[in-house]
Amino acid sequence: MELAEIKRGNIITVTITDTAFGGKGIAKINTPDGDYVIFVPNTFTGQKVSARVVKRRKKHAECKLVEIIEKSHLEEDMPFQPISGAPFINLPIAVQKEFKKDTCLNVYKRIGRCNNIEEVFDKYIESPEVFHYRNKMEYSFSAIGYDLKTKEEFDGFALGFKKRGTWWIVENLEKESGIFDEEFENKLNLIKSYCENSGLPAWHPPKKVGFFRYLVVRKSYKDNQLLLKLVTSDTNIEKFDFKAFTDFVVNLLGDRLAGLLHTINNDIGDNAQSRIGDDTLLYGKSTINEDLLGLSFEISMQSFFQTNPKCAELLYNKTIEYALEGNENISDGVVMDLFCGTGTIGQIIASKTNAKVIGVDIVEEAIENAKENAIKNNIQNVEFFAADVNKFLFEYPEYQNKIGTIILDPPRAGISGKALKRVIELNAKHIVYVSCNPATQARDMEDLFSAGYELKKLSLVDQFPHTSHVEAIALFQK
Ligand SMILES: C[S@@+](CC[C@H](N)C(=O)[O-])C[C@H]1O[C@@H](n2cnc3c(N)ncnc32)[C@H](O)[C@@H]1O
């Protein structure tokens, strides 16, 4: 290929020769000035792909994957429908492990300037279940579909996942994806047909009109039950028979249906906000139960709960091991569980020690769940606050020098600079930093090192098989 073909908007064909952190495939063009590098996310060494150029720079270009033309020699055939959320499902798990481990450790060296990462690296924890491991899925409706057989777009009614690289086209899920509940996904087509036959239209993302928007499903592995939420706009809502829809879903899922919710959302964006709104309970209950490490958790639709619960037990075991390591006097100080979600980590620590534990999360529903869960688990030495972490630490300066241990588990974007500064001011001796994004965790390492913390141990957990994502647990001490 010629360098002249690398123009914004052009579709190019390249062979991937290497894979970088985050599942970014790399292709190269030889030029008299050295290699020109082309990045194509969600591709792997050995694949021949077509990709759209989205950014052209002097030495490299960023592209979006359009299609995989030829599989990599490393890939195997799988009986699942390929979806954009599981781009590496055809790669053996051992190959995924090697690339995740190598690229993550490299990020800690490059961004975190952590030159002894190999020495402090503790364990790569594999997911106990490689397939059907997720406990939550979000399916989109769209009036613009993509037929996987004819490889053509169609106007009509689709329910499934977004086509790679688009926010407006949906590929119908004709058979299960291999990462969520097999029985449910094989019935999704029936839900799609029911909705389509109602005569109301699927959402048209570019025009921002239509009725059916999302179907969100949460699964309890403990009870083998499903909690569903249908998100619609309110356009012509009076024409939709919710009673008949409820009867249909009850009939379809039988005892497996824990509850069915409906949410109206007229938000024109295509973000997480578009899935939330005031819920109406159409059937059953609005929460499901899950057991983790002997504790019981009630979870609502909005509350964060680790998406791979069997692997989360291993993640939490390692987190607790790090929190207790060289920390015999943990019960003398306060333990803070920042970004606590439904309070899982805080409750496990509280159940194993006499320490006073404080949990903070911004989602009020999650904190409500956390409080109820603590009562249910008969844990008294824990207190939960619904607040922004930064504001909470600002409003409660009295905790400074009283905190022995901090657990940090921020969302993918990481902790804000301001909040990290406040965490550092708390002057805790032990920080266990759990992260679903090693890049932002590595970024924050520099500040922790400058504040006198040393990275003692780091483990990676394969919470998300078949994606480029990996969870990391780092133990810092001073
Ligand atoms: C990765 S989850 C961690 C959840 C929990 N530790 C667990 O394992 O279940 C990140 C959490 O951070 C919360 N969050 C995001 N931004 C926040 C903020 N500014 N202040 C407090 N919590 C926040 C989210 O609601 C979410 O529950």
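A Cβ is built for glycine as well, from the same backbone N, Cα and C atoms used for every other residue.
Those TrEMBL annotations? Automatic predictions, nothing curated.
The domain 'TRAM' annotation in TrEMBL covers 5-67.
A sphere of 10 angstroms centred on the C-beta of Asp409 (S-adenosyl-L-methionine binding site) encloses 24 other C-beta atoms. According to its DSSP assignment, Asp409 (S-adenosyl-L-methionine binding site) is coil. Per TrEMBL, S-adenosyl-L-methionine binding site is recorded for Gln306, Phe339, Asp361, Asp409.
Listed in sequence order, Pro411, Arg412, Gln463, His469, Glu471 are the same-chain residues six or more apart from Cys436 (active site, nucleophile) with CB atoms under 8 A from its CB. The feature active site, nucleophile is assigned by TrEMBL to Cys436.
As annotated by TrEMBL, active site applies to Cys436. In the three-state DSSP classification, Cys436 (active site, nucleophile) falls within coil.
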Counts of helix, strand and coil residues, the domain 'TRAM' (5-67), according to DSSP: 1 helix, 41 strand, 21 coil
Maximal Cα-Cα distance (Å) across residues annotated as binding S-adenosyl-L-methionine, namely Gln306, Phe339, Asp361, Asp409: 15
Environment of Gln306, Phe339, Asp361, Asp409, the listed S-adenosyl-L-methionine site - residues of the same chain whose CB lies within 8 A of the CB centroid: Phe304, Asp337, Cys340, Gly341, Thr344, Ile345, Pro410, Pro411, Val434
In the chain carrying Phe339 (S-adenosyl-L-methionine binding site), residues 6 or more apart in sequence that have Cβ under 8 angstroms from it: Val360, Asp361, Val389, Leu408, Asp409, Pro410, Pro411, Ile415
Nonlocal residues around Gln306 (S-adenosyl-L-methionine binding site), in sequence order (Cβ under 8 Å, 6 or more apart): Asn135, Ala312, Leu315, Thr344, Gln463
